[in-house]
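Asks: Take a look at this one; I'll ask things after.
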Ligand SMILES: [Zn+2]
């Protein structure tokens with residue numbers, strides 16, 4: 001039997017609270033309740049230990065995208081793992097249907113191998129009024145038979161489809177997704193309040209990057225934001241990079257939904273973990289300057305260059321969220337949405353040994369996935 005590894009002395013963030021001078025025991029790929037006497041002990045005093053981050057909306061990183069080859073996908077996965085994301089759902093962008101079907105086949109193989117946790121289709125079933133960085137000429141109405149084509153192509157690995165439910169076929173598509181156990185996410189939408197309420201009633205459970213690519217909150221026209229925030233069944237995605245959302249908007253959403261209904265996402269594109277320059281987002285050209293990605297034509301924000309370790313640090317240092325609430329939004333909530341809460345999302349015995357080690361300033365110092373160091377800590 002492999003010797004146990006004990007990570008000792010850290011402030012450990014558990015579902016029940018923060019334990020000072022806590023310890024986490026790793027046995028093989030799992031977290032164990034107790035250690036054997038001959039266990040290796042690694043002193044991580046002065047550090048935080050939190051569960052590995054779970055990203056349900058991510059298009060790429062490290063110069064590679066989830067619309068690319070298998071090698072590209074692995075490069076992007078590796079890049080985000082090095083920033084603490086131990087579970088990741090690969091997001092596609094709007095493209096020709098036959099290309100999306102082909103990409104779904106490729107991604108489904110990588111999901112079956114465990115490299116990614118599944119597929120999120122963002123587009124083509126979205127509103128031309130709120131297209132963001134999606135090709136307008138390739139958008140289409142969410143006809144349930146077309147939606148069905150994509151989930152079939154993903155062979156059981158489709159986790160989420162973002163759609164504009166106010167379009168013809170939208171509500172029926174939400175119903176179809178819910179029946180197939182695929183998350184129907186409302187986003188890139190021009191829906192009003194009532195249309196959004198109807199979509200939630202039909203089974204939509206996620207708001208795709210709340211606030212971004214949807215009508216603003218108005219006092220006479222509260223729009224999708226109010227409907228998505230008020231319903232207990234909905235989890236709202238937030239891109240916490242300081243560019244997509246004003247800190248006050250983030251705080252409003254976080255306090256209204258409560259920590260149990262927020263999922264921090266990256267919505268990252270290729271430049272995450274890479275650098276400034278020219279990139280492609282699906283078929284569209286993107287220029288990244290000082291870490292902000294914008295379409296070359298039109299200037300729309302085109303995804304982020306965020307990694308979840310930075311989202312976490314922002315949440316606890318700039319947004320001043322309690323560490324435990326930030327962990328819930330980065331790990332436990334997305335794990336629950338993916339139906340993986342029995343395996344990941346918290347530091348509890350029996351779960352996968354997926355964890356992130358941070359120093360007192362919340363800078364990343366180590367990443368372990370399934371008991372193996374992705375980033376081995378260099379402790380003084
Ligand atoms: Zn996206």
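Yeah, the Cβs are placed from backbone N, Cα and C, and that goes for glycine too.
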Asks: TrEMBL records 212, 213, 220, 244, 301, 302, 303 as substrate-binding residues. Which of 133, 153, 376 is assigned to the same site?
Replies: 133
Asks: For the Zn(2+) site that TrEMBL lists with 188, 209, give the additional residue from the candidates 112, 122, 136, 285.
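Replies: Site partner of 188, 209 for Zn(2+), according to TrEMBL: 122.
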Asks: Go through the recorded positions 133, 220, 244, 267, 301, 302 and tell me which ones have a CA within 10 A of the CA of residue 209 (Zn(2+) binding site).
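Replies: If one measures from the Cα of residue 209 (Zn(2+) binding site), the recorded positions that come within 10 Å are 244, 267.
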Asks: Check the domain 'Amidohydrolase-related' (49-374) for me and report the mean pLDDT.
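Replies: Across the domain 'Amidohydrolase-related' (49-374), the average pLDDT comes out at 96.
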Asks: Relative to the Cα of residue 267 (active site, proton donor/acceptor), which of the binding-site residues 133, 188, 213, 220, 301, 303 have a Cα no more than 10 Å away?
Replies: 303
Asks: Centre the Cβ atoms of 122, 188, 209, go out 8 Å, and tell me which other residues of that chain have a Cβ in range of the Zn(2+) site.
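Replies: What remains near the Cβ centre is 57, 123, 126, 132, 162, 185, 187, 208, 212, 213, 267.
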Asks: I'd like to know which of these binding-site residues, 188, 209, is least surrounded, judged by other CB atoms within 10 A.
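Replies: Ranked by other Cβ atoms within 10 Å, the binding-site residues 188, 209 bottom out at 209.
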Asks: Which recorded positions from the list 188, 209, 267, 301 come close to ligand 1, meaning a Cβ under 6 Å from one of its atoms?
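Replies: The recorded positions passing the 6 Å Cβ test are 267.
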Asks: For residue 244 (substrate binding site), write down the residues of its own chain that are at least 6 apart in sequence and whose Cβ falls under 8 Å from its Cβ; none is a fine answer.
Replies: 209, 211, 212, 267, 301, 304
